[in-house]
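Below: the structure, in structure tokens.
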Amino acid sequence: MSLFRSRQAKIHFVGVGGIGMSGIAEVLLNLGYTVSGSDLRESETTRRLAGLGGRISYGHAAENVLQVDVVVISSAVKRDNPEVLEARRRKIPVIPRAEMLAELMRLKYGVAIAGSHGKTTTTSMAAHLLAHAGLDPTAVVGGKVNAFGSNAKLGKGDYMVVEADESDGSFLRIPPTIAIVTNIDPEHLDHWKTPDALRRGFVDFVNRVPFYGLAILCIDHPTVQSILPDVEKRAVTYGESHQADYRAEAIELSGHAVRFDAFRRDEALGRFEVAMVGRHNALNALAVIALGDEMGIPPLVTREALRSFQGVQRRFTVRGEAAGVTVVDDYGHHPAEVKATLQGAREAFKRRVVCLFQPHRYTRTRDLMAEFATAFNDADVLLLTDIYAAGEEPIPGATAANLADAIRAWGHRDVTLVPRAELARAARERVRPGDLVLTLGAGDVTAAGPELLALLER
């Protein structure tokens with residue numbers, strides 16, 4: 001323990017280029033620890049960590065862990081990884097990323113945001129609010145925050161704002177002082193097995209809050225509302241519901257912004273604006289308004305913070321415009337996220353929407369096939385490409401072709417299956433001036449936007 005507290009520990013990350021791992025590594029580097037890491041390929045993230053003083057290796061090899069005190073892994077790292085095997089052979093502790101994150105949080109008051117969707121945006125907004133209020137928080141986010149130029153920020157204040165990952169249950173390792181839950185949908189059932197087990201996991205997460213802490217819960221979501229009787233700590237709710245402690249009314253969607261009136265029970269807090277698309281982002285902002293109010297931050301400061309929020313990369317990010325076509329990129333890959341993003345795009349821009357969607361993981365495609373079948377109703381044209389495996393093995397029946405058939409069977413009139421290598425060219429043939437093109441998915445479909453723009457500019 002003294003080794004870690006004195007910042008003499010040598011910490012190695014396997015898969016350091018991952019969005020969850022790199023943020024923790026960056027904070028540790030800025031705190032003065034010796035940090036090394038390995039990844040399969042070079043990226044902007046690994047180059048940034050190397051520039052901060054990290055020793056980065058490409059490829060996984062036993063020699064990478066010979067001089068380290070602890071090895072940090074994510075759930076994506078296989079048990080037979082040579083660095084993990086060598087560390088265990090040498091009796092070097094091998095810990096999940098959440099355990100290292102929890103160790104950092106013990107030094108601060110932790111604000112942890114969890115939920116099936118919206119947690120990256122909400123975490124980023126919360127960190128921005130605390131920074132704007134002069135609290136100088138540390139933050140670890142699951143996406144690159146435009147204002148930080150990174151997915152992490154080391155602050156000198158007493159607060160740490162983190163995105164809590166429920167996918168493998170690791171969020172039960174972290175100790176939040178304030179816990180926010182945005183929603184709970186059936187997801188990651190390869191780990192949780194049943195929706196009820198997932199729901200119980202969120203109950204346990206919220207109840208990790210200390211007696212002096214707080215839970216902030218979205219009452220609009222039925223599963224979140226269902227955990228209220230099981231919450232043992234002080235809790236406030238938010239949403240459009242008239243039963244919410246913090247309520248949003250008169251939501252207005254206009255271009256790249258959402259505006260709404262916020263109330264604390266029946267007391268008006270004012271009209272707020274955030275430069276994000278979609279009704280769901282009004283609720284994400286409302287969670288942050290509730291956080292600020294409960295922390296004693298004046299509503300005027302919160303209003304200014306939300307108005308100046310610059311967003312997160314791959315959350316309805318405009319990639320460019322060419323030949324009268326606007327190209328937008330978004331990380332949404334769950335049916336609820338897809339539906340909300342497409343609905344927000346149509347409501348805000350009132351243009352023809354061409355969606356380029358890449359399913360993410362065979363398990364998700366299999367488990368949520370029916371939900372995906374109705375998620376694309378707000379896309380005039382859907383170009384569906386190959387499943388991004390994310391390390392999974394193929395599953396019989398869980399194919400892009402079967403998904404395309406399901407979407408057509410549920411009534412969509414314009415669905416085309418396109419190989420990933422041909423996606424940009426296929427899109428060029430379908431778009432026309434005035435269209436909004438939306439690349440959607442957590443895989444490499446993000447590159448299809450710039451590819452399309454290059455073709456349109458010729």
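Any Cβ shown, glycine's included, is placed from N, Cα and C.
Here Swiss-Prot flags Gly115, Ser116, His117, Gly118, Lys119, Thr120, Thr121 as ATP binding site, drawing on sequence analysis. The local packing around Gly115 (ATP binding site), expressed as other Cβ atoms within 10 Å of its Cβ over all shown chains, amounts to 25. Secondary structure at Gly115 (ATP binding site), taken from DSSP and collapsed to helix, strand or coil, is coil.
Annotation: Lys119 carries the greatest number of neighbouring Cβ atoms among the binding-site residues His117, Lys119 [cut-off 10 Å, Cβ to Cβ]. Other residues of the same chain near the ATP site, with their Cβ within 8 Å of the Cβ centroid of Gly115, Ser116, His117, Gly118, Lys119, Thr120, Thr121, are Ile113, Thr122, Thr182, Asn183, Asn284.
According to DSSP, Thr121 (ATP binding site) sits within a helical segment.
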